[in-house]
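What follows is one structure encoded as structure tokens, with my remarks underneath.
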Amino acid sequence: MANVTYGEVTQVIGAVVDIRFKPGELPDLMNAITIRSSEQDAGFTAVAEIDVMLEAMQLLGNDVVRCVALQPTDGISRGMKAVNTGAAIKIPVGEGCLGRILNVLGQPVDEAGPVNASDYWEIHRKPPALVEQLPATQQLETGIKVADLICPYAKGGKIGLFGGAGVGKTVIIQELIRNIAYEHGGYSVFTGVGERTREGNDLWGEMTESGVIDKCALIFGQMNEPPGARLRVGLTGMTVAEYFRDFSGLDVLIFIDNIFRFAQAGNEVSALLGRMPSAVGYQPTLATDMGYLQERITSTRKGSITSAQAVYVPADDLTDPAPATTFAHLDATTVLSRAISELGIYPAVDPLDSTSRILDPQVVGDKHYDTARGVQKILQRYKELQDIIAILGMDELSDEDKLIVARARKIQRFLSQPFHVAEQFTGSPGIYVPTSETVESFSQVLAGKHDNLSEDSFYMVGNIDTAVAKAKRLEA
């Protein structure tokens, strides 16, 4: 039984609440503390019902604890009674979370009744011990050609999705959730950190329509929430994912949108606690906070957690402390380009900017590595030739360069792919392409086996066989 103690509110400054406890009854750091109307002394009156969860962050001395609220502090006043629960925040975990929208405290916000929880876990958990972690590096097949070929994702790794508004980050996220659910039997957890409420609602609606909602848990800490909630919602999502990994033995995918807002929330909390700011005004514990979350994303012998994190880059400055700290943890970066989306090529992934740690012959094999580098080499040469083409035209190019341009344009279109979750918009059925077929298809294009096919044959198809079939249809 947790050691429950009682304190009294002495100060309220926005999201920060100071509480004095009796000597010897101080809560541990990270303990959950509640302030509720129902726990007050007789005679207490309030305009509205108060039910606020806080987390102990600092021990100030003189038996006073400084706490950060995870919910709005409206209605809290000096002299109110606070209850130390004797444990960290606990949330429901298990398959009952699938198809539901939860907040940072694990409370349902979708008006669909209580969560049918398998268990309740604390959100503050240690990462797996080194002996439990899976040493081998494996590729997680996504069925998305450009990702599997150019920037393969590591099972249990961390992927950064970089891109502006409207270039297709959400569609890639939905397709990954769908492919993991249908092709691998896995579950996904979507964690909205500082997410716009409208975007979260749109995502839920689209996932319900596309039929993947039953394989996904949605955890939201919207941008109107106090900074404490936005700082901890990532841990709530991780805890839900860890249960599936450790108890169901599954390969779980967790999405964090946006990891920058996680750092931003830590910045706000740090300032509220009175800490001296560090570089560019960020909290001095930025690297520690980031590592605390990221180190829990890993493969074990039971299962894996793979994360895809949207990364906002302030003022396009990659040296800003928030994205710079995130880079240190990423295994793969998928860069979405507006220039490619303007060509109508989706997913609009830039194959020259996207990278992966496991694009290595010892991991993916020589054929995969050589094919990926060959694709990048041709696309890079095409990029260099575009200025010449724009000024002088194609006729001034050598025969070799003309061939490179022709193949590059085919490869560029071949990197496009119809998605299952976008069927209602494109009218084309989605296609899942295994990595082996992707590598073989691009290998044949590089070898010149399909130089006779038109560029249109390669647009929005799956493997090379579907491109050949499309070419025959176009000729007919």
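Sequential numbering from 1, following the chain as shown.
Each Cβ is built from the backbone N, Cα and C atoms, and glycine gets one as well.
Source: prediction; values computed, not measured.
Under the heading ATP binding site, Swiss-Prot lists GLY163, GLY164, ALA165, GLY166, VAL167, GLY168, LYS169, THR170. A helical conformation is recorded for THR170 (ATP binding site) in the three-state DSSP classification.
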Site of maximum Cβ density within 10 Å, from binding-site residues ALA165, THR170: THR170
Cβ neighbours within the same chain of GLY164 (ATP binding site) - under 8 Å, at least six residues apart: LEU336, ARG338
Of GLY166, GLY168, LYS169 (the binding-site residues), the residue whose Cβ has the fewest other Cβ atoms within 10 Å: GLY166
